[in-house]
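**Student:** Straight from TrEMBL, here's the annotation block:
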COMPBIAS  B:11-26  compositional bias 'Basic and acidic residues'
DOMAIN    B:124-335  domain 'ABC transmembrane type-1'
REGION    B:1-46  region 'Disordered'
TRANSMEM  B:66-88  transmembrane segment
TRANSMEM  B:128-149  transmembrane segment
TRANSMEM  B:161-181  transmembrane segment
TRANSMEM  B:209-234  transmembrane segment
TRANSMEM  B:255-278  transmembrane segment
TRANSMEM  B:316-340  transmembrane segment
């Protein structure tokens with residue numbers, strides 16, 4: 001609150017002058033507040049910072065320097081980053097293969113599902129029931145569906161030729177798991193995407209839809225011409241949220257792709273095995289791998305921080 | 001965010017009332033429907049049937065169903081269908097080498113086996129501890145951060161960004177960081193306690209400590225999330241409430257405790273439910289710590305035991321039974337939550 005009053009007259013002042021005035025007007029209580037906030041920031045950053053400096057240290061520097069200290073000039077190396085990129089690059093590509101389509105499809109499906117459930121002339125109790133069944137899907141632990149899911153993809157889908165389109169498209173055998181991941185993530189993404197769009201559509205003006213309806217527009221037309229074009233901001237939120245979730249998920253990749261040696265192994269799977277398949281004590285390699293694997297979601301976070309916050313808070 | 005905070009019921013009420021009005025109008029409004037329905041459903045009896053269903057369910061029901069029924073079925077089969085299938089499998093003896101489960105002989109053997117399995121009991125207790133301690137701790141940290149950030153500070157966005165940063169990372173990535181923090185020889189955790197002359201401690205090797213070390217790491221990852229939810233809740237509280245408390249002479253502490261925090265009930269409930277879901281996913285974290293199905297001793301939870309039994313030991317039916325227990329735990333949280341949201345007219 002003091003913040004705002006300071007800012008209004010501080011537009012023209014130089015930075016140092018403003019800083020001095022801020023410091024002068026700062027009470028002890030304010031100062032304490034900033035100290036606590038900075039300490040908290042340190043708490044969140046130190047594990048990441050420690051990982052980053054460790055990833056560029058030589059083996060001896062890791063042992064000799066403090067875990068949070070940067071390496072000296074003699075202890076600096078990019079060797080582990082090179083090794084991590086070599087080990088994980090293939091995984092990054094594989095993750096993109098399912099994370100991008102699954103994100104886009106699930107966002108779109110969530111949008112039309114929510115739209116269908118927002119149409120005014122529907123009895124509230126039925127709508128609430130359907131919505132409750134969908135939303136409950138967000139909270140069901142994946143473990144509760146894991147064995148049937150494996151059964152479904154490994155036996156049932158093949159018995160019933162459900163996957164024939166995969167072979168018809170010429171997808172190599174190793175990559176069937178990628179297709180399965182897309183379908184699985186879309187199915188399990190419907191609940192959260194629907195909920196997010198539903199909260200958004202509820203606030204959208206109903207008169208607009210109503211008047212278009214009275215002009216004789218079909219629901220499909222209303223969606224295409226009115227609702228979809230207005231959904232941009234929510235699509236941004238949902239796409240970012242879903243991409244992060246799908247990219248970060250390990251469990252489904254573990255049971256659908258199963259081994260990190262598979263040519264189709266996603267990056268999380270390779271990273272999770274990095275400690276065992278390579279030398280377990282090689283912390284520099286682990287850290288370099290962690291950063292490399294996190295690059296896409298970190299980029300999303302840095303560029304779309306506000307949308308990300310909105311997505312997780314919704 | 002808005003869902004949890006806006007009292008919204010007035011708005012919803014209006015929607016409901018409008019719906020009621022339209023219901024009354026609709027009986028004679030068949031003409032409007034004819035227009036909007038696809039022209040190929042010309043045959044009379046089918047039309048009457050549709051009109052009958054319309055009368056029962058609402059005029060837009062059929063037309064809107066094309067939007068939500070297919071996704072609902074896909075999701076329903078993958079979630080509810082799978083849970084029922086999982087329950088069936090848990091009643092069989094399905095194990096390695098079998099091609100398909102044998103459904104002819106169903107019993108609760110796997111559940112009695114679980115009760116006699118001390119590993120299962122330990123994992124269940126650990127799951128409970130993890131969920132409760134992680135959720136409560138994360139909520140507390142998030143609330144404190146939100147209150148501090150909400151005091152009109154400078155660089156609010158930067159602080160918020162930093163606090164939320166760990167949440168954008170996967171469990172697989174953060175597990176690497178925390179392996180290094182908890183490293184016995186040169187980890188920061190031991191350096192910090194070394195400052196006060198304690199340690200070093202084998203954080204991940206000590207059975208009584210490891211679960212708390214894991215909970216601490218999970219709190220680090222998700223307290224920013226709790227902060228964001230609480231911040232939204234705080235912003236929804238009118239300034240007058242703060243001022244009124246000040247006028248009444250309440251101290252800052254008392255004001256938050258008596259006036260502000262009670263108003264954050266909605267935010268607390270929705271954040272707690274979501275945090276429990278993240279807690280259930282701690283499997284990813286524990287798997288990545290060791291790069292395998294066997295988490296450090298003392299940190300086994302139902303989520304890890306379930307996957308280990310099914311995918312490493314190939315005790316499919318037993319794994320399915322553990323999954324049902326986990327599902328029941330989740331249901332105990334979801335059920336009341338959905339009822340709460342329904343009562344608040346948020347569905």
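Note: Cβ is positioned from N, Cα and C throughout, glycine not excepted.
Give me the structural setting of these features: burial, nearby parts and distances.
**Tutor:** Beyond the transmembrane segment (B:66-88), the same-chain residues lying 6 or more positions past its ends with a Cβ under 8 Å from any Cβ of the stretch are 101, 103, 106, 320, 323-324, 327.
Beyond its flanks by at least six residues, the transmembrane segment (B:128-149) meets 156, 159-160, 163, 211-212, 214-215, 218-219, 222-231, 233-234, 256, 260-261, 264, 268, 271-272, 275-276, 279-280, 282, 301, 329 of its own chain at Cβ-Cβ distances under 8 Å.
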**Student:** Mind checking which residues of the chain, 6+ beyond the ends of the transmembrane segment (B:316-340), have their Cβ under 8 Å from one of its Cβ atoms?
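**Tutor:** Apart from its flanks, the transmembrane segment (B:316-340) reaches 83, 86-87, 89-96, 101, 110-111, 113-114, 120, 123-124, 127, 131, 269-270, 273, 276-277, 280, 302-303, 305-310, 347.
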